[in-house]
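> Here TrEMBL flags A:7-27, A:33-54, A:61-80, A:86-111, A:132-158, A:189-211, A:223-247, A:267-286 as transmembrane segment.
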Amino acid sequence: MDFFVNLVIAAISSGTPLLFAVLGGILSERSGVVFLGAEGTMLIGAVVSCLAFVHTGSLTLAIAAAVGAAGAFGLAHAFLSVTLRANQIVCGLALTLFGTGLSAYLGKPVAGQALAVSMPRVKLPWLEPIPFVGPILANLDILVWLSFSLVIALYLYMYKTSWGLHLRAVGDNPATSDAMGLSVDRIRYVHVIAGSMLMGLAGAYLILVYSPNWMEGMTSGRGWIAIALIILAGWNPLYALGGAYLFGGLDALGFRLQLMEIGIPSYFLKMLPYIVTILVLMAAGWRGRNKPSIEPKALGVPYVREQRF
Amino acid sequence: MGRMAVQMLQIVKRFGQVAANDNVDFSVKQGEIHALLGENGAGKSTVMSLLSGMYRADGGDILIHGEAARIRSPRDAMQLGIGMVHQNFRLVPTLTALENIILGEKSRPWRGKAWKQDKAQEIEAICGKFGLSFPIHAPVWQLSVGEQQRVEIVKTLYRGADIILLDEPTSVLTPGEAELLFETLRELKQSGKTMIITTHKLKEVMAVSDRISVMRKGRMIATMDRSVTNTRELAELMVGRQLPEASETAPGCPGNIVLEATGMKVLADHGYPALDGVSFAVKKGEIVGVAGVAGNGQKELAEAIAGLRNWEEGAMTFLGERMEAASIRRRIDKGISLIPEDRMKSGLAGSLDLVDNLMLKSYGSAERFKLGFVRKNRNERWAQGLVDQFDVRTPGLNAPVRGLSGGNQQKLLLAREIDRKPGLMVAVHPTQGLDVGATESVHNMLIGLRDSSAGILLISEDLDEVMKLSDRVLVLYGGKIVGELGKWDIDKERIGRLMAGLGETKEAAG
């Protein structure tokens, strides 16, 4: 019993950064902009957060710095892909390469230095007696609760508000949205920047909670996994929760199995989440092969009003 | 003399070197239905796009209700009370009709149930007033084309438009649906709305409009009252020369069966059957027309025969060989040729030159290649021969085909296909977007091919074309063949009823 409770807690802590990143990616992609800069943006978020904490000792500032730096990345991506109409794939890859390099450089002075940080937890002692879920829910940190509320808030935002309607329309058919008097460029800017800020938050969680110790490339591919999970979640924030915790759970499980010394080489256990991601994506693709795609129709296509076809 | 709703003075709009609108003067009276007539590329759509704010003029003035207006974006147009119903509907397919209509509305960010009900009632009131009906809570991709158009119209009304622009509104409708649309337009006129419609169908112009303006090559040629003109005069104004009397097409003389399809079942993109239990045959030396409203399985029929789409059930025999599972290459080699719906998408490679495009289906053949190398001089002589024979107007054999006009692209495509001496040609909308001259050439090429004893399956939304060329007509509705008519009992009204799924008899149509 304790094993499973601990496993779920570990899964949540490993899945939360992914969840933030997936939610951010959904925002950006729903507006029709592919954001492959996730990996680089998370790294920048993490390193900036780390530096801010080392220098000021303030958690709030550390998180704010991560969000701000990532927002700047989003602004760059929006400027290149929306205003200059550059190829979104190339811009995103460039941002990831840039973010990886820059974070390694910035992180040199603090590399390997353990951060004495503890994220405040929301204590809910009256939940404790409930079997299984009680001990899990009673002891989560505030960022996890923030991620839960973000899932619900974004769902309501996308499907129950006028802004959400605008967002979905711009990602599916910018020409129509333009003809209806919406500003395609503004909507894309806002959501790309908001999306990258969430990716920065993902980086901050990684360094402040999950593994408080800066290492070069410490995201180890989580940005890419997040991009796969966006597709798996069908661009829906509610499903993002499941995808993120699936990966988080496997990550935690692999680690635990390693401790139990069951004789499987640790490399295979570390591979587990990535392999399962590939398998799940394959299964989802196979199941949906004859169905209309739920991908935003204009994803990856810059919008030009006076384009002649 | 009513007030003017729209006045355009000396409007100029250029795309690169081409003047799409060359000092155009155009005015529309308050409360009239004004038809804007012209061939493709005459500049009608540009006028509409300027009024709706999709393009900005390079010169000239626009006055709306007598006041100078600067229409710089669709939003400006909307504030001036101008609404546009585009030819390719501007709807978001995954959203519901209701969501599409209220899209762009800025008030009340939170949208609960009560709010949605209010809006639904408001929209239903508009629908009721003008006799427009469609399911407002269904996603738009599930709606028929006619229903989608009604959503578009209601959308403009909901946003308070009193000048409504309709770009080629009947091109996607059955004759019956078109009549319904005209009813709606007359209703709208009664309530004081001003409408501008573009079309190239002269009969419709005469049926519905009060005044008519004709454009040609970016210039405004004439504006007149409907009562003082006739279709023949309009056609000559459009084309700019005298037209020969319409000629009857000589019938073909059908021989043996070349293609036989039985019990054909094919799925559409969305996974539901697009064709179910379709059986037919095409003989040598005949043109079989397939009539139907877009989206009733025509596209899937053409693709399944050409091998671009899988057969779920059924059998296809072509020149004695079972082919429903054959590869595309095998079908091409055996003599099945396809003129695709979108020539630039799946017919030609835009940035390649004429020679390369003519060779696209002959790669690897000894005629064109030697030891894997292109036989350049020989191929150019051959290409020049085809270009001359089929009268393709081009700046040169090495020009990229993207720069050719639509008509010349289509002639090039037909030249390539006909040169391969196909046993069966599947031609999908072969004259879509072509002007009168090019349409005539394409028709003659098809008839020539028929007389050289190939079978032709002609799929077209243009009923007049189907009726003119076909020796037999099949009518597709809801993925089934609902009627077959011989050359001598092809009757527009009857085909129209079948296309609308109303069955054979007048009573059933009641």
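Cβ from N, Cα, C; glycine included.
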> Taking pairs 6 or more apart in sequence, does the count of Cβ pairs under 8 Å between the transmembrane segment (A:7-27) and the transmembrane segment (A:61-80) hit 3 or more?
no
> Need a quick answer: max count of Cβ pairs under 8 Å to the transmembrane segment (A:33-54), which of A:61-80, A:86-111, A:132-158, A:189-211, A:223-247 is it?
A:86-111
> Under 8 angstroms, Cβ to Cβ: which one of A:61-80, A:86-111, A:189-211, A:267-286 has the largest number of such pairs with the transmembrane segment (A:132-158)?
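Highest pair count goes to A:189-211.
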> Cβ under 8 Å to the transmembrane segment (A:86-111), counting only same-chain residues 6 or more beyond its ends: which ones?
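Distal contacts: 33-44, 46-48, 50-51, 54, 73, 76-77, 80, 214-217, 223, 300, 302.
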> For the transmembrane segment (A:223-247), find every same-chain residue at least 6 residues outside the stretch whose CB is under 8 Å from a CB in it, and list them.
11-12, 14-16, 18-19, 21-26, 29-30, 35-43, 96, 150-152, 154-155, 158, 199, 202, 273-274, 276-277, 280-281, 284, 294-296
